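Summarising the annotation, TrEMBL assigns domain 'PLAT' to 2-114. Under the heading Ca(2+) binding site, TrEMBL lists 17, 75. According to TrEMBL, the site 'Essential for stabilizing binding to COTL1' annotation covers 99. According to TrEMBL, the feature domain 'Lipoxygenase' maps to 114-634. Residues or ranges marked as Fe cation binding site in TrEMBL: 360, 365, 512, 634.
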């Protein structure tokens, strides 16, 4: 019995409010009270209500709400509800952070995170089960192609659950920006069909205004071997390079190249020989664009690491050897300049293909989608891990299928991946240094501390059925049986749980940022990352500038590439940096203190990288915490 003060917070976006009446219930240990239709959350960000309740409810467990539509139903984005009154011991906090649609009853549990073991009296058992049952109806697995990981069911953004779409401000920015670039492409692209590229300098016609300083540097220095090698370490796709442990079997060296073999073996013995092998592209069916055949190569590049940290190419093989055919031509830095430049341009085009499909789309967006869907299907909002991870032509299909078959658990964890690729001690791998440091902050300063709050022993991890179901949903269902590639199907210890959660968070934040943010820098100058090649790979070293120009995209293709790279690679105006989310899913002080320390550690790391970059000729910023988005969006 007594008076309750209720605060209700509506989202900040333009259309977050609703003119529909909302009915509220308070649910406590000793009873439930229907407060009636007492709320109309139009546009006021926070509404305060006072109600008299004749029952003694005891400790509040849930707030239930139901939106009633009149003639027209308007969705409402509810951030949270806070209640103070008899039995609340201060103010009880009920996080929501989702759209309230239709007229179904939504239950909001009090914000203290609880595993199944933390609820011995089963006060929340029915709520947990019902929430997951309803979520599984909304978050359904889809299917695209055999051999690929599963997407969420749906063909357009309107098929997605409302809570997974952009909020209005980001959606409006995305739609208007896309409309503008498509309009510009239509106007200027029509003129490109009557113009041709005759010289490499003609690509200046599509070099974007508002270019980045690094993009300008790339345009001026793209022919340099040092910049070519640098991109394997710190460019848009730092995921392919590895230290050689032997000379690749595909590298067939003719007798007249004995000196080259000696040089390669010398670098191999000293541990300074590296390789970038694009064999994944071998045999991929190339596209046909406007009735014109395009071409794909599967290069191999051997590089040497200099004492000063520069990575320089030694030899390029554009295609693997074929039975019954002469050995493929090997291109060397000592070759005629145009021949060597064309070979490097083919490598850059192949890197563009693997970057966009394997490193960015598959390892960034599609894996993040699996993690997100599995989380919504397996972990109720009460679960502490839900609250942690919430912070958060046929050729392309062929490439994705091949890349999917090679996805290993270790490759998603920088300490393991960099060790496997022999890059841990390469100081000029700024990506590697920053990935390790960001992984460490996420793991030690956030995940391990959060896990220790809710799991006091390895047994508590093993005995959590919701946690085990989440792990299986990711590995067996979403990733289509990835346990043979090292992904766990069960979590047996706190250490294993921490590693798995850190992998999920880093993949959806830092790893995606490292392959997303460099697009505008490295691909604005088309010859440095051509989206397609219009002539077959050269089989001789008799190459002119015209041969290079004829191989590169035509002006219309180049403008199309520039348009979408500029659109997708731009800095997002509505962006939430890693760890800076405003949603407060925890009501207990322990997790809030961990989050605050995590934010402080991220700020310190950001400052360290800023200071380091000030002394570098080419600053590396893609993994600065202030530049890393809190989730995968674009």
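Quick reminder: no glycine exception, Cβ is built from N, Cα and C everywhere.
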## Note on the structure
Spacing of the two Cα atoms, residue 75 (Ca(2+) binding site) and residue 360 (Fe cation binding site), in whole angstrom, works out to 34
### Message
Can you give me the Cα-Cα distance between residue 17 (Ca(2+) binding site) and residue 99 (site 'Essential for stabilizing binding to COTL1') in Å, rounded to a whole number?
### Response
10
### Query
What is the separation, in Å, between the Cα atoms of residue 99 (site 'Essential for stabilizing binding to COTL1') and residue 365 (Fe cation binding site)?
23
### Counts by DSSP class (helix H/G/I, strand E/B, coil) across the domain 'PLAT' (2-114)
0 helix, 67 strand, 46 coil
### Task
Using a 10 angstroms cut-off on Cβ to Cβ distances, just flag whichever of 360, 365, 512 is the loneliest among these binding-site residues.
365
